[in-house]
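Okay, structure first, notes after.
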Amino acid sequence: MSFDQQILEASKKHPRPARIFAYGTAGFRMKADLLPSVVFRVGLLAAARSRKMNGQSIGVMITASHNPPEDNGVKLVDPYGDMLEATWEPHATAFANAKTDEELVEEFNKLHTSLKINSSAPARVIYARDTRASGPTLVDCLVDALTATNTEYTDYKLLTTPQLHYLVRCTNTKGTQYEYGDVSETGYYEKLSTAFKQAMKNAKSKGTITVDCANGVGGPKLRELVKYLPSQAEGGVDIKVVNEDVHKPDNLNSQCGADFVKTQQRAPPSSKAAPGDRCASLDGDADRIVYYFIDEDSNFRLLDGDRIATLAAAFLGELGEKSGLASKLSIGVVQTAYANGASTKFITENLKLPIQCTPTGVKYLHHAAQRFDIGVYFEANGHGTVLFSPLALKTIATHEPQSPSQADALATLTAATELINQTVGDALSDLLLVEVILAHKAWDPANWLSTYTDYPNRLVRVEVGNRNVFKTEDAERRLTEPKHAQARIDELVGKYTKGRSFARASGTEDAVRVYAEAATRAEADDLAQKVAGIVKQFGGLALSK
Ligand code: NG1
Ligand code: ZN
């Protein structure tokens, strides 16, 4: 079967702007007005991917996460709910960059031939979007591609990114022994709330939390989830939802949200939190979360992805021991070079758990985490989850507890496997997990913070002539190119007590990021500035060649 004519006709409606596109760590993301052709072409690829995967449903999420309101983006979700397989990313890039409608059809057919995709096979796509004003127009572009390729589709309208990942997995596992949950948004709330209630059964304290939803899709979705959750009086938690205005598009991620809080190291100006109040912020599509509070001396204290990782790893380790499963389940933590060195030290020396460092981008962390029985992965910015291997799930499900206390711990561990989103980092699921852990430990945020002290650090964004000249190795911790740049950084770092610094090209912005840690804040700032100076010099040199 040939779709040539249908694709040609439809593609004419979505002319490609003169620009080079690349499917990166976050799919395609840019100013929304540049995206119609990209989304149309991603739709074509989704259809091909579904056909290649025997008609399993592929997810398409239209979102630009924590970016400003005028941006948008699109990314694909593979049948098991994880991110698009890396070998397909270049196909997405090739589709997006095809110069003419004819060339696009050629790329489409070339892919079918080279991968032996049967174009008569059924194709299925499910999709959703965040609250951006450009979303509906981009959905129309997607639908044009799905129609042109005779693809069956379901429009889930507004969802958080992790909700779509959940639905993709549910859709494709329905009726199998791996069924993940009911194929509906309600199914998502039911799965999380049932697990939360179970996990809270043996908790020591109950709490209250204020959640800033970045004025994004997380707002209405968290409000919905709350309806399913027990309140503090009912043995659960009181969740106060703030920054949930999705009707004024300009408010999205503006002066609030996880990215604002993490990068500015302060609470949203609108926050009314009193000292000690537990607060959290989601990002625009609710796949990131960070916690924070104001301490007794009125200082802002951040509990970021590293903190959630250490909290979760410690708790799951304890549950493993208490339930008599410690020897049967290996726990590991996956971080990137941006993880604070103090968290890495704490995990190695106090929790005595293995750590793996991967390049930036959740797909790398996710894959690395799959190698452990229980793999905890978080980026410092708050994106992460915990993966349980099929063997770990079986071990937990078949374990016979030897005492009532083992039974209690096992019940909580079992609930955790249901509560934690297995497809992707999920701010709502992570929120409930942290609340469960704090309730079990009877901890306030200050107790949580006191587990270790972060090393002072600074992240700087450096604009250079050409960021692509910066090549790295060792999970992005060292530069291999430009030549001599790393030697200059090493020389500098050696002069600082507890100094650590690295530079890498951003995958999502036209810039190089420099990270530095040192014994004091002043030294960390100074080191970051000096390394940024080196980067500027080499970035400029490379351009002038
Ligand atoms: P880049 O721009 O490649 O540094 C940023 C974040 C990543 C990840 C992606 C996707 C930092 C330092 N980098 O990547 O962690 O979240 O965006 O959104 O936070
Ligand atoms: Zn996000």
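Backbone N, Cα and C atoms are what each Cβ position is placed from, and that goes for glycine too.
For the Mg(2+) site, TrEMBL gives ASP283, ASP285, ASP287; the one candidate out of SER65, SER501, SER506 that the record lists there too is SER65.
Excluding SER65, ASP283, ASP285, ASP287, which define the Mg(2+) site, the same chain contributes THR63, HIS66, ASP130, THR160, THR161, GLY216, ALA258, LEU282, GLY284, ALA286, ARG288, HIS383, ALA427 within 8 Å (Cβ to the Cβ centroid), listed in sequence order. Checked against ligand 2, the binding-site residues SER65, ASP283, ASP287, GLU379, ALA505, GLY507 give SER65, ASP283, ASP287 as the ones with a Cβ under 6 Å from it, listed in sequence order. Taking pairs at least six residues apart, the domain 'Phosphoacetylglucosamine mutase AMG1' (200-290) and the domain 'Alpha-D-phosphohexomutase C-terminal' (479-532) share fewer than three Cβ pairs below 8 Å and do not count as touching. In the predicted model, the domain 'Phosphoacetylglucosamine mutase AMG1' (200-290) has a mean pLDDT of 96. The most densely surrounded of the binding-site residues ASP285, GLU379, judged by C-beta neighbours within 10 angstroms, is ASP285. Calculated from their C-alpha atoms, the gap between GLU379 (substrate binding site) and ASP287 (Mg(2+) binding site) amounts to 11 Å.
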